[in-house]
Structures are given as structure tokens and as C-alpha cells.
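Colleague: The structure that follows is given in the form of C-alpha cells.
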């Protein structure tokens, strides 16, 4: 370990971030619990989007398990063993959630694209059985990438206040961490391209059919696309703009102390945006899942509005959620 890394106070002054992480956690746990209750109460016919959203919700619960530990550690009040546990386990859970969220948002975009652009044809990818299979493959892939960071043996170091997770790693652990980061950036870039291309094709199709009587819900569909795209960009793009430079500072390719401190603070700020997907996801559930939307309406609408809603004939087939294929 070099003198620069030994005496560079990188991991100080994290308390301001913890308040925002706590706010995200509080909003997110309420939204996730309500979403779970809504999906359980309202039986769904397991359309593709519903399957992907349920997987997204499951990933969000991993994040709700990890955030309290991160908050306690960053406040500097965690015992030494909890700090080690955070570096080995809960920090990895945060990234498992992040990349599962990215991948399942991409599958939501693909499904909506096929529903609207190729509405007369059903592809295998649109079948519920295939959606369940691909979801299992996604979980397995992400876990195979991330779990080694949890189980690779770590070093025993003397207890101190200003310590980062990389300092616990042996040489093989550092190399695997570096490899994991580059794999995750590749996942981000590939699935970002999928989301952007899918949404572009949907917008183009909606624009071409803007005067068609069969497209009465164009505005709602566009709103859904904008929600998915905006939440994706806000949550995940800033973090990945910082991730590679920050990883290089962890491996001391970037050794200047002030630069390393700035990159760490930028990483924490953009990680805060990334975990804020925990707050955005319930909004996506509302717009993309009919079961969730109906349960929210039943819970918060007045009896008069509910009665009027029940008397109102169904004029749409949930264009804004998944379409008709699955």
C-alpha cells in the first residue's frame, strides 16, 4: 500500500449523504411494501411485463436490506464486524439490485416495443413461460458475476476509521473486482442501447399512427415511455459516467489524493441517484401494471369515484401497460 493511499482521507464526511440515503430508503420501503401488497391482492394473468416488474420488485427488496447497513456504516457508528459485513455482502447487494434493475427495465422496453410495433405477431420472447425462463437466467448471470465478491477471502487488517472496502481485498479479490466493474459497464452499455432503440421504435410507431382510431391511448403510451427512459437516465447514466474513473482510483492507477477524494464523492452522489430507482419503481408499477393501478385506485379513490369507475365500460385493453400479446 502506498503512502498516498495510506494517508489520503477519502472516506470522510459521508454524513450528508446518509440523510439522503435514508430518505430514499424510507420512501422506497413504503412503495415496495405497497407494491407487494397490490400484486398479491390483485391476481394477475402473468403477462410478460408483470413478470418483469415482479422481478424488479424482488430486486428492490435486496436494496432495502442493504441500505440500512450502508447508512449505519457511513455514519461511522457501525462496529468493525458490521463494516466488514457491509464490504463483503451488503455493498454487493446494492450492485446486484442495480444491474437487475437495468436488465429488467430493458426487457420491459423490449416487450412494449413488440406489443406496439409488431402487434399482429406474437414472438416467443412475449410468452409468459419464456419471460419466466429469461428472468431466471438473468438472476443466475448477475449472481455469478457478483457473488464471488462476497466469498473471496479477505485480509485481516487493523481496525481504523478511514478504511475503504478495497483495503480488505487480497490481490485476487482486487482483480475480480476490477473485472466485475468492466463486465457491469458492458452490461450497462448493451442494455442502454436496447432501451434507447426499443423506445425510439415505439415513439416512431406511435407518431406514424397518431391519427389512427385504434390508438386512443397514444399520450398514455408516450408518457410510459418517457417515464421508463427518464428514470433510467436519471438513475443509472451519471453513476456509470463516474464508475470507470473511480475504479481506476481504487486500483491506484489514479493516485493523486485530491482527485481520488473528488471521484469518491462523485461516486457516492451518483450512487445516491442510482439507488433512487427504489423511489421511481412504484411509479413505473402504477403506469405499467393494471393490477397495481387498480389496487391504488381502490385504496385511495373515494367511494363515489369507485362507483363511477365500475359503471364505466371498459374502452381500453391496457395499452399503457403491456398490450395484448402476453
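Keep in mind that glycine also has a Cβ here, set from the backbone N, Cα and C atoms.
According to Swiss-Prot, the record shows the following:
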{"type": "TOPO_DOM", "residues": "1-19", "note": "topological domain 'Extracellular'"}
{"type": "TRANSMEM", "residues": "20-40", "note": "transmembrane segment"}
{"type": "TOPO_DOM", "residues": "41-48", "note": "topological domain 'Cytoplasmic'"}
{"type": "TRANSMEM", "residues": "49-69", "note": "transmembrane segment"}
{"type": "TOPO_DOM", "residues": "70-89", "note": "topological domain 'Extracellular'"}
{"type": "DISULFID", "residues": "87-165", "note": "disulfide bond"}
{"type": "TRANSMEM", "residues": "90-110", "note": "transmembrane segment"}
{"type": "TOPO_DOM", "residues": "111-133", "note": "topological domain 'Cytoplasmic'"}
{"type": "TRANSMEM", "residues": "134-154", "note": "transmembrane segment"}
{"type": "TOPO_DOM", "residues": "155-182", "note": "topological domain 'Extracellular'"}
{"type": "TRANSMEM", "residues": "183-203", "note": "transmembrane segment"}
{"type": "TOPO_DOM", "residues": "204-221", "note": "topological domain 'Cytoplasmic'"}
{"type": "TRANSMEM", "residues": "222-242", "note": "transmembrane segment"}
{"type": "TOPO_DOM", "residues": "243-268", "note": "topological domain 'Extracellular'"}
{"type": "TRANSMEM", "residues": "269-289", "note": "transmembrane segment"}
{"type": "TOPO_DOM", "residues": "290-326", "note": "topological domain 'Cytoplasmic'"}
{"type": "REGION", "residues": "305-326", "note": "region 'Disordered'"}
{"type": "COMPBIAS", "residues": "307-318", "note": "compositional bias 'Basic and acidic residues'"}
Colleague: Helix, strand, coil: count each for the residues of the topological domain 'Extracellular' (155-182), based on DSSP.
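Modeller: So the counts come to 16 helix, 1 strand, 11 coil.
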Colleague: Using a Cβ cut-off under 8 Å, which residues of the same chain at least 6 positions beyond either end of the transmembrane segment (90-110) come close to it?
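Modeller: Same-chain contacts beyond the flanks: 48-49, 52-53, 55-56, 59-60, 62-63, 65-67, 69-70, 125, 131, 134-135, 138-139, 142-143, 145-147, 149-150, 165, 184, 187-188, 191-192, 194-195, 198-199, 202, 228, 231-232, 235-236, 239, 271, 274-275, 277, 281, 284, 288.
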Colleague: Find the member of 20-40, 49-69, 134-154, 183-203 that has more C-beta pairs under 8 Å to the transmembrane segment (222-242) than any other listed stretch.
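Modeller: Stretch with maximum Cβ contacts: 183-203.
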Colleague: Which residues in the same chain, at least 6 apart in sequence, have a Cβ under 8 Å from the Cβ of residue 87 (disulfide bond)?
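Modeller: Those within reach of residue 87 (disulfide bond), by Cβ under 8 Å and sequence separation of 6 or more, are 154, 165, 168.
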Colleague: Express the predicted model's confidence over the topological domain 'Extracellular' (70-89) as a mean pLDDT, rounded to an integer.
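Modeller: Mean pLDDT across the topological domain 'Extracellular' (70-89) comes out at 93.
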Colleague: Should anything in the same chain at least six residues away from the topological domain 'Extracellular' (155-182) have a Cβ under 8 Å from its Cβ atoms, list it; otherwise answer none.
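Modeller: Same-chain contacts beyond the ends: 1, 9-12, 76, 80, 83-84, 86-88, 91, 145-146, 148-149, 243-244, 247, 250-251.
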Colleague: Going by DSSP assignments with H, G and I as helix and E and B as strand, what are the residue counts for the topological domain 'Cytoplasmic' (111-133)?
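Modeller: Helix/strand/coil tally for the topological domain 'Cytoplasmic' (111-133): 16 helix, 0 strand, 7 coil.
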Colleague: Using DSSP, break the topological domain 'Extracellular' (70-89) down into helix, strand and coil residues and give each count.
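Modeller: Helix/strand/coil tally for the topological domain 'Extracellular' (70-89): 15 helix, 0 strand, 5 coil.
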